[in-house]
Each structure stands twice: as structure tokens, then as C-alpha cells.
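In Swiss-Prot this protein carries:
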type: TRANSMEM; residues: 5-25; note: transmembrane segment
type: TRANSMEM; residues: 64-84; note: transmembrane segment
type: TRANSMEM; residues: 87-107; note: transmembrane segment
type: TRANSMEM; residues: 134-154; note: transmembrane segment
type: TRANSMEM; residues: 221-241; note: transmembrane segment
Amino acid sequence: MSRTEASGWGFSLLQILLVLAGMVWKAREGFPIVDFLDTSGDTCSWLNPCIVPPALSCWNNWPWFALHLFLYTTQLVGLSAIILPPVYLIRMLGLSTALPLISLWVLHRRRRTGKGWATTFPPRHGEEAFLWRVLWFTGLAHVASFLVATAASFLGREDMAPWHLTNTLLGTPDCSYLPCSQIAERQARLRQINEMTGTSSGFFLAVALFSQHLEMNGARLGAGLLARLFFVSLIAGPAAGAADALLLRSAFMRTRRST
């Protein structure tokens, strides 16, 4: 097995682990693995109404869920703009399961079609400028969300409780005793599952594409570069980390063409 194939299987194993983590997490929280649209109101598809909650629920509960909804939506929009194809699989399985499965399809496309990973998402005109916009937009949104939640946590006032880290970005509020809707709490829990597993999958897919392209050209993804990508993802969010990985891939391709 070549180094490129070994790396591909390693990233594939990571995507499988993310699939299993998302499915187990959803099952433990009482969510169906397959999200057939349910209009009963006590459960929800990951896409609707979890991203666009019903107007009344949003109006009554917005202080408790607005910050995480903003963070999740900006990350999802960024990843969708970069790598997420509009297939029905996403709608049925949810981001936490479908994106790792799509990532597996992308990573093994070469074995089925003979096309390299670099051709899966070939550079397009204006791609770098677009990726820079995604990186800055999603990165600033991610940092701003954590700054707001951190400030609310340090202030410690009761009126700031809806913005506290434990009620927004590190967890969801316990609406069994807090003044918020338990239906909205379940929607927030599903968004949290999708964020932790689905958006992580998108980031690792972008890193895998960059790594495979390097190895196909006789280079490799070193520890320093990998640490830089993780640092960007940790601080600026997985969408910004994915954009950064694809920007590095474009820079490497441009350098190869000029030499």
C-alpha cells in the first residue's frame, strides 16, 4: 500500500468514526438516525426547523438559543459553500451522518473513476478570493460568538444567563427549570450534535484533500502544517479551517505550476 493510499484510508477511518459518533449521540438523545420530516412539533429535521425555527418559538426563546444558532448557521453556510453538494442524503441523514458519508465518497473517488483527489474539487476562477471571504466571514463569526459567551460568563449576572458559555456554546440550557421551551432545547441539542460531528467532518475532508494532493506530488503534510490547520479550526471554526486547507492546496498547486 502506497503512502497516498494509507493516508486516504486513515482519513476514511476518521470519517467512519465520526459517522458512528453522530449516530450513537443522536440515539442516546432520542433522535432518529434518519430524519424523515416530522411536523408534530416535538421532533425536527436537522434542516427544518432546526436552522430556521418556527417564528413563535424563536420569538419566545431567542435569548437562550440565538448565539449557538448564529454560530452553527455561519459554520454550515461556510462549509456548504465550499464542499457540500445539495443531495437528498443530507436531508434524510442530517449533517452529522451525511457529511462523513459524502467525505468517504470523495476520498475513494479515485479508486472508482481513476481521477485524483485534486480533480474532485478542481480550482475555479476566483476560487481563492471566495475562500478568503469564507475564511474571514466564518472565522469572525466564530470568534465573536465565543467572545460574547465568555463575557457573559465572566459578568455572571442573571440577565446574562442565556448567553453563558454552558447555556450556549458548551451545552444547552436545561429548560426543565429555566424559562425556555423544551422543544427548542431539543432542537438546540440536535444542532449541537450536527456541529460537533458534521462540521468536524467537513474540516477533515478539506485536510484530507490537501494531504492527498501533497502526497500525489511527492510532498507530505508535516506536523507543523497540520498543527497550523488545527489551530485555525480551533480558533476560527471548522469552516474557516476547511477554507484555509483548500487555500493552502491552491497555493501549493500555483507554486508547482510556476516551477
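Just so you know, glycine gets a Cβ as well, placed from its N, Cα and C.
If you look at the transmembrane segment (221-241), the same-chain residues 6 or more away from its ends with a CB under 8 A from one of its CBs are 71, 74-79, 82, 134-136, 138-139, 141-143, 199-200, 202-203, 206-207, 210-211, 214-215, 248. Sequence-remote contacts of a segment are chain residues at least 6 beyond its ends whose Cβ falls under 8 Å from one of its Cβ atoms, and for the transmembrane segment (134-154) they are 67-68, 70-71, 74-75, 77-78, 81-82, 160-166, 168-169, 232, 235-237, 239-240, 243-244, 247.
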